[in-house]
């Protein structure tokens, strides 16, 4: 079991960490900020006169744009 843990940590260290350093733009994306830049608001439910385009932070909230 210890050797499996060792190889898992080694695999993580060799593959995931260098990829995160090499491509930081693919790391974490702040969807709430992106929604605000697009003149949207993060809400639990969009009104009838709004368009839902994406999720904000968690799947329960939506980015709502006015038509």
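Cβ atoms here come from the backbone N, Cα and C positions, even for glycine.
As the structure is a computational prediction, the values presented were derived from the model and not from experiment.
Over in Swiss-Prot, the protein carries these features:
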type	residues	note
SIGNAL	1-19	signal peptide
DISULFID	35-63	disulfide bond
DISULFID	42-56	disulfide bond
DISULFID	46-64	disulfide bond
Candidate with the highest Cβ count within 10 Å, taken from the disulfide-bonded residues 35, 46: 35
Using Cα positions only, nearest of the disulfide-bonded residues to residue 46 (disulfide bond) (35, 56, 63): 63
Residue 56 (disulfide bond) versus residue 35 (disulfide bond) - Cα distance in angstrom: 7
Disulfide-bonded residues: 42, 63, 64 - member with fewest neighbouring CB atoms within 10 Å: 42
Residue 46 (disulfide bond) - helix vs strand vs coil (DSSP): coil
